[in-house]
Amino acid sequence: MDCEPEELQFLGVVGIYQEAAKILAGWRRLFVKIAGALVLPLSILFFAHIAISHRLFSTIDSDESALDDAPPGSTSESSALQRVVSDWSAFLLFKGFYLVALLVLALLSTAAVVYSVASIYTARGDLAFRKVLTVVPRVWRRLMVTFLWAFLILLALNSATIALLVFILLMGGNSSAGPVLAILVVIPLYLVALVYVSVVWHLASVVSVLEDARGLEAMRRSRRLIQGKLLKASVIFVKLNLCFGLVEWAFRVLLVRGSGRGTGLSLVLGLLLLLLLCLVILFALAVQTVIYFVCKSYHHESIDKSNLADHLEAYLGEYVPLKSQDVQMEQLHV
């Protein structure tokens with residue numbers, strides 16, 4: 001990184017973007033290989049899920065329409081019912097495979113990028129793609145524990161919100177006060193809480209790789225780190241997710257639902273959107289690692305680069321977590 005550790009706290013949203021871009025550009029050969037091995041398959045999987053799900057739902061709609069039109073008790077009704085059951089079984093199996101594969105590739109990509117950016121921060125000149133691939137399978141297990149805790153927290157948040165909305169609507173009866181309260185109060189509060197938990201979770205993923213913490217402990221550590229930089233991190237999170245959503249929307253509109261384009265044009269559009277999605281994911285992972293160092297600097301904590309290098313090097317052998325006194329930053333008096 002070009003900035004000194006104590007200067008990172010002064011980076012704004014644009015400064016964080018620039019710092020992440022400099023890292024990716026300065027080590028483009030490494031990150032191109034990481035993108036090709038992990039981020040590209042993740043992006044292909046995501047687009048394939050959209051296209052296949054659209055095709056499966058079209059088939060389900062067609063078979064359900066045939067089931068509705070079939071005379072009761074007829075052979076055609078029985079045949080249509082079998083097709084509907086088969087369609088839903090295929091969809092659920094595909095969805096299960098997709099979620100498992102998505103989780104594995106997302107965690108592996110996160111581990112690779114976070115490890116690489118942190119290694120660059122320690123000014124290690126021997127960082128190579130082969131070394132990153134050696135480390136990733138050992139790091140992603142820690143990320144899995146953190147993900148499971150984040151998933152449980154998000155599940156609790158969603159369940160509580162749904163229960164509250166149902167309660168408000170039932171208590172409101174035919175009155176318009178219930179829907180108004182839900183739209184103006186509950187849903188905005190839910191969105192704020194969702195962004196907060198997501199920001200804490202993404203930072204906790206970095207903490208899980210770079211510190212002796214995982215799971216709920218990493219979430220708590222992330223929550224303390226993000227204090228003072230929550231608004232900035234939330235703005236970055238929302239912007240990057242908007243970019244991700246725009247790429248997804250373009251793929252759905254131009255390729256999945258679009259028609260009348262030649263095969264060549266569709267192929268070019270698909271490749272461009274695939275490249276764009278890879279860049280968005282790779283850039284977002286680099287940004288969340290930079291935010292980690294910015295938060296450390298904001299709290300006047302400075303990582304000893306030699307200790308961090310030792311911590312990262314430990315992944316190459318049998319993993320031995322650093323003790324808290326080795327990993328945690330010493331206070332800087334300014």
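Here the Cβ of each residue, glycine as well, is placed from N, Cα and C on the backbone.
According to TrEMBL, the feature transmembrane segment maps to 30-52 (among others).
Feature annotation from TrEMBL assigns transmembrane segment to 97-122 (among others).
What TrEMBL records for 143-170 (among others) is transmembrane segment.
According to TrEMBL, the transmembrane segment annotation covers 182-210 (among others). Below 8 angstroms of C-beta separation, residues 110-111, 114-115, 118, 139, 142-143, 145-147, 150, 153-154, 157, 161, 164-165, 168-169, 218-219, 221-223, 225-226, 230, 233-234, 237-238, 288-289, 291-292, 295, 308, 311-312, 327 of the same chain, each at least six residues beyond the ends of the transmembrane segment (182-210), sit close to that stretch.
If you look at the transmembrane segment (230-251), the same-chain residues 6 or more away from its ends with a CB under 8 A from one of its CBs are 12-13, 16-17, 46-47, 50, 195-196, 198-199, 202-203, 270, 273, 276-277, 280-281, 283-284, 287, 291, 295. Feature annotation from TrEMBL assigns transmembrane segment to 230-251 (among others).
Residues or ranges marked as transmembrane segment in TrEMBL: 271-295 (among others).
Long-range Cβ contacts of the transmembrane segment (143-170) within its own chain (Cβ-Cβ under 8 Å, at least 6 residues beyond either end) map to 103, 107, 110-111, 178-179, 181-182, 186, 190, 193-194, 197-198, 201, 204-205, 207-209, 214-216, 218-219.
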